[in-house]
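In what follows, a single structure is set out as structure tokens and then discussed.
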Amino acid sequence: MSCSIFPCGEGGSEGGAVSQHFERCMSVMQSGTQMVKLKSGSKGLVRLFYLDEHRTCIRWRPSRKSEKAKIVIDSIYKVSEGRQSEIFQRHAEGSFEPSCCFTIYHGSHLESLDLITSNPEEARTWVTGLKYLLAGISDEDSLAKRQRTHEQYPLGSQAPSCLSLLPWCALTAAQAVLSPPTDWVKQTFQEADKNGDGLLNIEEIQQLLHKLNVSLPRRKVRQMFQEADTDENQGTLNFEEFSVFYKMMSLRRDLYLLLLSYSDKKDHLTVEELAQFLRVEQKMNNVTPEYCLDIIQKFEVSEENKKQNVLGIEGFTSFMRSPACEVSNPLHGQVHQDMQQPLCHYFIASSHNTYLSGDQLLSQSRAEMYARVLQAGCRCVEVDCWDGPDGEPVVHHGYTLTSKILFRDVAETINKYAFIKNEFPVILSIENHCSIQQQKKIAQYLKEIFGDKLDLSSVNTGDPRELPSPQDLKGKILVKGKKLPYSLGADAEEGEVSEEDSADEIEDDCKLNNGATQHQVESFIRTKLESLLKESQIRDKEDPDSFTVRALLKATHQKRGLRRTGRGTEMPLQSCKFPLLFAVPSRLGRRRKTVKLCRALSDLVVYTNSVAAQDIVDDGSTGNVLSFSETRAHQAVQQKAEQFMLYNQRQLTRVYPSAYRIDSSNFNPVPYWNVGCQLVALNYQSEGRVMQLNEAKFRVNGNCGYVLKPQQMCKGTFNPYSADPLPACPKKQLILKIISGQQLPKPPDSMLGDRGEIIDPFVEVEIIGLPVDCCKDQTRVVDDNGFNPVWEETLTFTIHMPEMALVRFLVWDHDPIGRDFVGQRTVAFSSLVPGYRHVYLEGLTEASIFVHIMINETYGKSKQLMGLRGLFSRAPKAGTAEPSGHHVRKRSIGERILRRTASAPAKGRKKSKMGFLEAADIRDSASEPTDLKDKEGVVRRPNRTLQARPASMPVDRFLMVELPCPAEDTAQEAKEEESTSGKMLPKLLLVNGQGSPCSFQEYLISSKH
């Protein structure tokens, strides 16, 4: 069965007809089509391909991958018709009918799925259907889609708040709309319904809970099941009943207690109470009654509550999970920084060997990679140009087996996508290896394709000693490359310049021009890449040392040809003064290479003249871009950090990965940002920790690719490696309360998948920035609960330079022999918003952690505060210390309720890596060991005795009788508690002997299972 395509304006002019046509395509795709899956070096495999019932992924069978044999629609980059892919072109012309062929490009590496149908109609049906599905998500960023649009949240402009963070007072309810996750619940229901009868029995519910990482006693599950099962068909739940069951299971005790603390023990908030919560806890200014009414109308689900203008627990939960209460400042989703300073005052998002889709030696070169990185916010892309056949220059990684693409195709792709996301300038970093004739062809293509985008004659900086600003260069493309020396006459059509040949740094055994056959080189490369892959699977991917060149050398056992110092760096720098800061001995004593450069290409270089370290002359001129590898940059950072910072105040510096990173791994960019290097070029095709840091860095200014450096880096200087680099400036104290988690999945690498054990999660928070600020701390482990674990732990950090700091939230699954990565979210410190916030883990639909954020200013070497007082914790009384010298923290009522639940098993706190000592935990003592820093510069705290934790109150006593005030709670304490930002929890019970609790409240506050 197939369906034809209506031409525009014929047969499908009416929306209904077009819609019916696409629905027929969907029906055909869901029924399945037998196609040949073409693979490299094989004849092809016949498989049945079909669209799943939710229209979210393409699956095929048979397959050894079983359930993993799928391509998610959201991961598809594009669908191309005909024999366009490289795999198709490897087969002889005429092998396949082009009208029966199409290719699906998907994933972060733009992998291709090449398919052949039995007739052209089937191919057109699939191409049409896939493009229809892609059109439905084309207006949403894939990351935002995965996070249910939590990432971006537009706001109007507002005045700064008391914490120098932009408040949310201008938030409108229309901007805060959050659709309930009905689709997700429906998909979950359908996946659990194995026999497809639209009903779930108790056993299917139990299996679903295990898949969702929920560990509840059967008695409690059965109790909720029976209460939700209200129709005549007893013993099963239909979708509506399952939705009620899911709400019972997922209603949040932490949010309910928070609501109670501001509602005078009622189960709803009035307009005045909601306004008080927003002002006191969320630090919002100018909260009006109209704004609160908008929130109620948009988020409240009960029509009765809407009429009474109150916000119940479900509406409050929806509001707290909406973008209005996300961890990141929504204004930072737009360009908000001053964009009129010189280019050298900005960090610029930069890509290395942009054309590569995988490793540096064997992978495919693709023009589509330029489209991908430019749309991801990158503003500096690299193009390696070489002589190609028929006088056409090509782009590829020289001396390697990477495939070649036409320079013209690359230029056209850049021109098409350069300014789709924003208009700030794009830097085209050209590494030129071409003959004079093909250089002229490159210059011709650049002029023809880019046109006025290359014309910089209208740009006027006012000061010839300063570079223009991003605002001045809007819509322009800057060509970074070599420029003919001024000593040559203006009439000289060509001249010699030093060659930048990063490909020549590759080991000789990996090059094609060393006398070995292609097969021998490919075999050697594959062995080396496999060695790196095995090493990467063993090492801790969160360990910064995993990203060093030394780690790569160790993995491949190739250490020859490097002279090392005692600190492990290569070829030590000469001890010389600026401007010879970057001078190094010639590589292995070889003479520097030169290349002929034509005038036409040289003249296109205006503000971005590429210079070698040996060519730097401190004559006060601007427009030079120093470009060198991470190993050379590392030496400059280690030995002359302050001089390096001064240089970066006037000129641009580009740092690129070492040639030893043949697997396209990335180096840690933070040390180079810390000295003001603007263009830290990374392999965008390699996902992981480094790219997550890079994304967080540039997300702070609307992801436009330009982030303003701190004022201290633009004028004056300081030592980034000092214990107190900015003594005259106030420090920021981050008090972070990790409260709970929601719907945390099993680790992605779990061997048993959904059938594996329920996870034992804990949260690690890492501060990344100046060396003195780098530290980690973590919560205790919660046993057997990934659905709604509760930690309620306060972590405290001091940050000396907040503009450079990144805050990384990681969720791990504790294992007796290690830990498994669950998810992460990295946010710039300057983007954090105070109050109760949800931190949504990247790439996971519903997974989040709930936190409270407080930021204070401190001066000098002030003592760390204990942490947040208020709703979830209380300050210890003076003098209440155990003989060991550790304070016994008294738990608040909220903690006593929440500690002993399915959400929070009482397990001892485990902390192996700490940022700072908390005053609540450790008493001042001269004998106390000081914090130690390891070789990574990360503070690791000595082990300490576990805190004593009082037992929780029995549930029956809490539910059925009034709760007396603890003897220790004095009236003065209560008064102090009321004055803090978080109100005291109600000391009276919701339910006492005068009335029976409704089942809704019973499930919220009950801690029996």
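Cβ atoms here come from the backbone N, Cα and C positions, even for glycine.
All TrEMBL annotations are machine predictions without curation.
Residue counts of the domain 'PH' (27-135) by helix, strand and coil are 35 helix, 39 strand, 35 coil (DSSP-based). The annotation domain 'PH' is assigned in TrEMBL to 27-135.
What TrEMBL records for 180-215 (among others) is domain 'EF-hand'. Proximity of distant same-chain residues to the domain 'EF-hand' (180-215), defined by a Cβ-Cβ separation under 8 Å and at least 6 residues beyond the stretch ends, is recorded for 53-54, 56, 148, 221-222, 225, 233, 235-239, 242-243, 245-246, 249, 301, 318, 743-746, 754-755, 758-759, 784-788, 845-846, 902.
Under the heading domain 'EF-hand', TrEMBL lists 216-252 (among others).
Summarising the annotation, TrEMBL assigns domain 'PI-PLC Y-box' to 601-713.
Under DSSP, residues within the domain 'C2' (715-843) fall into helix, strand and coil as 12 helix, 62 strand, 55 coil. If you look up TrEMBL, you'll see 715-843 marked as domain 'C2'.
Sequence annotations record features per position, and here TrEMBL assigns region 'Disordered' to 968-987.
According to DSSP, the secondary structure content of the domain 'PI-PLC Y-box' (601-713) in residues is 40 helix, 21 strand, 52 coil.
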